[in-house]
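Visitor: One structure is given below, represented as structure tokens, and several questions about it will come after.
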Amino acid sequence: MASVKLASLIVLFATLGMFLTKNVGAASCNGVCSPFEMPPCGTSACRCIPVGLVVGYCRNPSGVFLRTNDEHPNLCESDADCRKKGSGNFCGHYPNPDIEYGWCFASKSEAEDFFSKITPKDLLKSVSTA
């Protein structure tokens, strides 16, 4: 039952993100996004900065990610980032080529389990090899 609620919440955020970013326009890089959208903010000129595992906000890429990555306890670029922050042992990268960072999980199997519930099977291969 919890997975049904989670799936419904993910669909709601993804739909909301698609409509908000379409109305905002590509040049402004504002609005709600999902790291699972391709490209995440409607254009590859903007970056989706997660505030949760499946929802974030669009920003210009000029140094925003570096500061946000250091401040956010679950954003990571490597397993070492997760261990340093105390947020887990595995950095599960989003199965999206436009997202250059990941989310900290306790283990690789936990990341695979989460991503398998919300992404198409062909995208899951990139999580397993990251």
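Cβ atoms here come from the backbone N, Cα and C positions, even for glycine.
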Visitor: Considering the candidates C48, C76, C82, which is the cysteine that Swiss-Prot reports in a disulfide bond with C33?
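Guide: Swiss-Prot says the disulfide from C33 goes to C48.
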Visitor: What does the structure give for the C-alpha distance between C48 (disulfide bond) and C58 (disulfide bond)? Integer Å is fine.
Guide: 5
Visitor: Could you say whether, by DSSP, C46 (disulfide bond) belongs to a helix, a strand or a coil region?
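Guide: DSSP call for C46 (disulfide bond): coil, neither helix nor strand.
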